[in-house]
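According to Swiss-Prot:
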type     : residues : note
ACT_SITE : R211     : active site
ACT_SITE : R281     : active site
ACT_SITE : Y314     : active site, O-(3'-phospho-DNA)-tyrosine intermediate
DOMAIN   : 97-189   : domain 'Core-binding (CB)'
DOMAIN   : 174-329  : domain 'Tyr recombinase'
REGION   : 62-82    : region 'Disordered'
Amino acid sequence: MTKDKTRYKYGDYILRERKGRYYVYKLEYENGEVKERYVGPLADVVESYLKMKLGVVGDTPLQADPPGFEPGTSGSGGGKEGTERRKIALVANLRQYATDGNIKAFYDYLMNERGISEKTAKDYINAISKPYKETRDAQKAYRLFARFLASRNIIHDEFADKILKAVKVKKANADIYIPTLEEIKRTLQLAKDYSENVYFIYRIALESGVRLSEILKVLKEPERDICGNDVCYYPLSWTRGYKGVFYVFHITPLKRVEVTKWAIADFERRHKDAIAIKYFRKFVASKMAELSVPLDIIDFIQGRKPTRVLTQHYVSLFGIAKEQYKKYAEWLKGV
């Protein structure tokens with residue numbers, strides 16, 4: 001092997017270093033002349049080799065554009081196999097940016113800008129720190145990592161768009177389970193016997209239909225709660241990704257409660273016959289629909305991003321939602 005400061009020679013292959021990244025070239029001999037043919041980023045070549053060795057793709061060498069450009073697809077072929085190879089090349093190139101500094105900044109971005117939970121953020125960091133797999137966590141993580149890098153001008157928007165087009169999040173199997181009123185009542189009683197604080201969380205979940213993370217957030221500053229005419233609402237205005245709650249509607253006035261999501265998880269672990277708190281949300285949506293609350297209003301109350309209503313008109317639904325919520329509040333009085 002011969003080398004200089006930025007060039008390493010291994011037989012007929014050259015490895016060049018550029019800005020901390022490595023690129024592979026192959027020496028080719030033609031009419032007595034030696035030419036260097038660009039093969040691709042080292043990470044692409046290694047990952048493609050491993051994929052081919054495992055039988056994931058065929059045996060055609062990966063082709064890519066010269067350094068400074070995003071990986072090309074001239075040697076990728078067509079059809080499903082070509083699409084898979086392009087994805088491998090794109091993901092391999094993206095992984096080169098998973099440096100310690102970028103990973104730390106990405107974690108801060110997930111927690112502070114995207115509002116993602118600590119556990120989920122750590123799962124995403126774990127996903128981009130390992131070779132890409134076709135799992136929902138990895139798919140979401142790589143897409144978010146591409147968005148993050150583009151937002152910091154570390155990669156071009158065009159490259160981020162290629163990642164978003166190539167890496168799709170596979171749909172999860174639909175969970176159609178909706179608990180019965182009897183199951184809800186039983187869980188509330190179990191929660192009350194377990195802890196008054198845990199019971200309070202479950203009660204607000206039943207009244208509001210919002211997520212556990214949102215309930216815990218409003219209980220940090222309960223003094224912002226507004227009550228009147230048998231209905232209370234909390235101006236939360238918390239959005240992240242596809243989730244966004246403007247107001248938390250409920251009946252029981254809020255109070256400061258020292259409880260964490262781990263306490264809820266512990267309760268659910270200890271009481272296998274209790275309904276998980278996430279299903280309270282589904283029960284609320286189902287009951288509101290039974291009470292003829294419009295679907296758009298249910299979405300607004302439960303903090304789903306609008307699909308049937310334009311975003312600019314979404315926040316104006318507050319007055320309508322407040323009146324419609326009274327139907328559910330009346331029903332709750334008998335529970």
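Using the three backbone atoms N, Cα and C, a Cβ is placed for every residue, glycine included.
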> Helix, strand or coil at R211 (active site), per DSSP?
Replying inline: coil
> Using a Cβ-Cβ cut-off under 8 angstroms and a sequence gap of six or more, which residues of the chain neighbour R281 (active site)?
Replying inline: A205, G209, V210, R211, Q302
> In DSSP terms, helix, strand or coil for R281 (active site)?
Replying inline: helix
> What is the number of residues in the domain 'Core-binding (CB)' (97-189) that are helix, strand and coil, as DSSP sees it?
Replying inline: 60 helix, 0 strand, 33 coil
